[in-house]
Amino acid sequence: MKNFHPELIFFIGFVSFSLFQDSAASVVSTGDFNKDFFVIWSPTHVNTSADGQTRSLKLDQESGAGFASNQMFLFGQIDMQIKLVPGDSAGTVLAYYLTSDQPNRDEVDFEFLGNVSGQPYILQTNIFADGTDNREERIYLWFDPTKDFHTYSVLWNIHQIVLMVDMIPVRVYRNHGEKGVAFPRWQPMSLKASLWNGDSWATRGGQDKIDWTKGPFIASFRNYKIDGCVWKGNPRFCRAASHANWWNQYSSSTLTSAQRRWFKWVRKYHMIYDYCQDTQRFHNNLPRECSLPKY
């Protein structure tokens, strides 16, 4: 064979192997909070079981608490079972979210707003894209989230972000980047959870304050699963629709017909605030995505 260069063949093989390694950077979490997360705030208010399978956060007059994933991800699906603060939890906020922690940050939020005993829990969701938020939606949960654990999930891919409660879609934010709508697609994000004092705004606009005599306030976590593209410095590998990056494949590009029915049910019977309907707030100039399809 003319012009045979073994070093070239070796180089091509090495590059191919490297590309495969990076593109297959999907991780299924260990299920051990001590291995996959670190405490970012008030370790004395974080309690983890001996086997690492469950973790709780405590809020009292001294402090709240929080933890974050060791890895950062660009796309994937994250599931976490959470049991919310029981009883009179007015003024408390449990946040469970993805964030890039950059000045122009991307962020996907679940915020559980505490309530007066007997009132339904409010779930507020929000999306930050390229540093801009103001995309709040609120729903009443259709069950008591303090009695048992329920699963709260984020599916994040190049097509859409879907927030789910027990696998029922409650929020969809579609990638309309080609139409000038910002979408989180370049910045890797870590998973965080925190429990804190939000009584300046969380319950009835701040009218109901935390009753510290009802504390300490405790929220619990277990059975999490992180299946995402671990950030290794190059977004190209995470944006590919490969076997490892299953979330980017066509089957995950939009809601299924069954998911659409559930999504419509949530919005019809449980939604209490949608920024896309708040013309007064936006002075009759709603954000561009409000006029575009969600699926």
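Note that Cβ sites are derived from N, Cα and C of the backbone, with glycine treated the same way.
Copied over from TrEMBL:
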SIGNAL    1-25  signal peptide
DOMAIN    21-221  domain 'GH16'
ACT_SITE  Glu107  active site, nucleophile
ACT_SITE  Glu111  active site, proton donor
CARBOHYD  Asn115  N-linked glycosylation site
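Overlay of TrEMBL annotations on the structure.
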residue: Glu107; record: active site, nucleophile; CB count, 10 Å: 20
residue: Glu111; record: active site, proton donor; CB count, 10 Å: 19
residue: Asn115; record: N-linked glycosylation site; CB count, 10 Å: 24
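Taking only the Cα positions, the spacing between the residue listed as 'N-linked glycosylation site' and the residue listed as 'active site, nucleophile' is 25 angstrom.
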